[in-house]
Amino acid sequence: MKKVLLFLIFLVSANLSAQLPSPTNGKKWEKVEQLSDEFNGNSIDTNKWYDYHPFWEGRAPSNFKKGNAFVSDGFLNLRSTLRKEPSSVQDPFKDIWVDAAAAVSKTKAQPGYYYEARFKASSLSMTSSFWFRVGQFSEIDVIEHIGNPSKENRQDDLPYQYHVNTHYYGKHAGLQPLGTEYKMPGRGRDNFYTYGFWWKSPNELLFYFNGKQVMRIVPRVPLDEELRMIFDTEVFPFATAGVANIGLPKPENLRDNSKNTMKVDWVRVYKLVDGTAAEDSSDAPIGSYISLKKTQGDGKFVTGEKDGSQLVARGSTVQSWEKFKVEKHPKGGITLKANSNGKYVQVQGSDINKPVRAAGDFQGDWEQFEWKSKGNGLVALKNVLTGKWLQAPWTENNAIIRPKGPVDNGWETFAWKKETSPTASTALSAQLETKTVDGIRVYPSPASETLTIEGVEGENGLRVFDSTGNPVLKKEGILGRKERLNVSGLIKGNYLLRTGSGEQTWFQKN
């Protein structure tokens, strides 16, 4: 998980990932971990990816260079670089002078899966692509995007174009490609957008933009073979393979790391399995604050520790820390937001022995629960990721809550009831108090809508992005002991603040 840097003035967690398509009856979406990656480490996960294309050298005048695909600052970076000056080769349209980038999955993609990736294109006259190939007869291009064509007459269309395509080879050689396109609201080089692809069947391909279906292709032949998932960059010296005549990349742009890099925030892949995704949660009190209490033993109320360390049944009465807000999870089921610190209740990955804690900054897989009403004011809560029920042992006083329950009986049941919402004055007071997180001290000035940040000395700048990935604020240079950020110009909505080293947090302005 990306490290949380600080709490901001308008502290509300937000989920910015795209909504999954509605599953077919009797099915639910399950994440395919081997094909999914948040790119949060310090290096590319070699269990999942090749950092080059082992099955193809690339498209002349570019070749893929091992290592030009790398992970840093929370992104998979695909950087295209200058191997030699184009003037030094005999034919700049055919001779190799550009080092391109590719990341190829080691696990094969399959029909039936849903694939989505959030990325920003490079500002080059090259493709920034998300596609599938390395089979016997087929290719599926989810997007081949031209961020900054050298042909000036294409600047008004190609940077806004979401182009999909299918190609046919081998036993189907001779069939013409079949594609379509969608005009995006902004340029791919300026914005992080989420591009989705549901390989619904061999005969139906659905394409999504920021969670909304925008295109559909019925391929010329059934596309039923497993393929590799690929992110890459390529030079297209001529109009070919469904890509327009865009012009060669400019050497000065290939030297500029602010322009030569396609940045992938994450890729997430899901498959349909039998079952329903927390659909029993339809009777959950969405939007209400509730308390949870052990049904036997010491009968204590569940408390969300403010430091986010754990949930523990230790409250004798319902106070601020014993209240949780029930919210709808975007993938089904619910989330619980702790009133103690504004964080989402989460498990710690698949480790069922670790405490449940109020530490989630967004509504992800760790924060997804099923609400199962047991009647008579009782409820059982199942974490969807682990498949286990939250448990408070009756035999322990001040019991720590863990996702260990194999069934929804006894220790796994809680008495619940609706509680009064925190008053506006209480909520305002909580927003305005001074925050100290990991040595970083943050305090707002509501009258002037500025935020003072201490403890970021030495960081190389910071930036604020809106929910579509557009940069809306920035502070450049090496940060000092005390920095101020004016947020008065921001409209209502969700935002991401990220420092130069990649530390970040989500916030919302109301």
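Glycine too: its Cβ is placed from the backbone N, Cα and C atoms.
Going by Swiss-Prot, these are the annotated features:
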- GLU139: active site, nucleophile (ACT_SITE)
- GLU144: active site, proton donor (ACT_SITE)
- TRP56, ARG59, VAL134, GLU139, GLU144, GLU234: substrate binding site (BINDING)
- 18-275: domain 'GH16' (DOMAIN)
- 1-17: signal peptide (SIGNAL)
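Positions of the features from Swiss-Prot, shown on the structure.
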residue: TRP56; record: substrate binding site; contacts (Cβ under 8 Å, 6+ apart): PHE64
residue: ARG59; record: substrate binding site; contacts (Cβ under 8 Å, 6+ apart): ALA100, GLU234, VAL235, PHE236
residue: VAL134; record: substrate binding site; contacts (Cβ under 8 Å, 6+ apart): PHE55, VAL104, LEU227, ARG228, ILE230
residue: GLU139; record: active site, nucleophile; contacts (Cβ under 8 Å, 6+ apart): TRP131, PHE132, ARG133, ASN165, THR166, HIS167, TYR168, TYR169, LEU227
Overall pLDDT of the domain 'GH16' (18-275), taken as the mean: 93
Neighbouring C-beta atoms (10 Å sphere around the C-beta of GLU234 (substrate binding site)): 24
Other C-beta atoms that fall within 10 angstroms of the C-beta of GLU144 (active site, proton donor): 22
Whole-number Å value of the largest CA-CA distance among TRP56, ARG59, VAL134, GLU139, GLU144, GLU234, listed as substrate-binding: 17
